[in-house]
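Visitor: Before we start, here is the structure in question, set down as structure tokens.
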Amino acid sequence: MTEQLVIIGCGGFGREVLGIVAAINARDARWSVAGYVDDGPREEDLALLKRLDVRHLGPLTELDSLDARAVIGIGSATARQSIDRARPQQQWATLIHPDTTIGQDVELSPGVVIAPGVRLSTHIRVGRHVHVDQNAAVGHDVELGDYSRLNPQACVSGNVSVGAGALIGANSTVLQGLSIGEGSTVGAGAVVVRDTGNHAVVKGVPAR
């Protein structure tokens, strides 16, 4: 029996989430997508949803009348945190693409979305509403803080702590044993060789 699922956010990553759901259902029919909710969808996004034959149900308040789990398909950490905190009673879905490698002793919190090709090693904690995008790799003994995000092909080495709301850019590498501060941004292609403070922006090789 399938569960009803609502995707929050009509943008690009929200549509990627729909693809993850389709891949899950191809292996084991679990989810029935009721549609999307979004307080301010763009016309071009609505047109793309129409091509995918999925409904825009209206603003987020439409969730109140639905018996459904939800997942946040929005890249912004601030938006994910705001929505999560505004809806303490919401039942959140955790979505893992079947082409993902997950090791032993990995803890996945509510609302996590994991895209295809991701590799998670062992003894990893993945916080609330974390997004791990395509082909990212996470080493042993890592903590990914709530609302953080790993963009495609990001590499987080072992014993790393990624703070809440941090963004690890595409094709970047965080070397072993480091700490990425809350709300920090690691630029695409960067190699991080030292700890960052909170709300830092680092880029380049080595990252500064």
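Backbone N, Cα and C define each Cβ position, glycine as well.
So TrEMBL has the following annotated:
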- 4-83: domain 'PglD N-terminal' (DOMAIN)
- GLY75: substrate binding site (BINDING)
- HIS140: active site, proton acceptor (ACT_SITE)
- ASP141: site 'Increases basicity of active site His' (SITE)
Visitor: When the domain 'PglD N-terminal' (4-83) is classified with DSSP, how many of its residues are helical, how many are strand and how many are coil?
Guide: 38 helix, 19 strand, 23 coil
Visitor: Average the pLDDT scores across the domain 'PglD N-terminal' (4-83) and report the rounded value.
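Guide: PLDDT averaged over the stretch: 97.
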Visitor: Compile a sequence-ordered list of residues in the same chain as HIS140 (active site, proton acceptor), six or more apart from it, whose Cβ lies below 8 A from its Cβ; state 'none' when nothing qualifies.
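Guide: Correct list: GLY103, SER121, THR122, HIS123, ILE124, GLY158, ASN159.
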Visitor: Identify, in sequence order, the residues in the chain of GLY75 (substrate binding site) that are 6 or more apart from it along the sequence and have a CB within less than 8 Å of its CB; answer 'none' if there are none.
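Guide: The answer is GLY11, GLY12, PHE13, HIS131, ARG149.
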Visitor: Measure the Cβ-based neighbour count of ASP141 (site 'Increases basicity of active site His'), defined as the other Cβ atoms within 10 Å of its Cβ.
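Guide: There are 17 of them.
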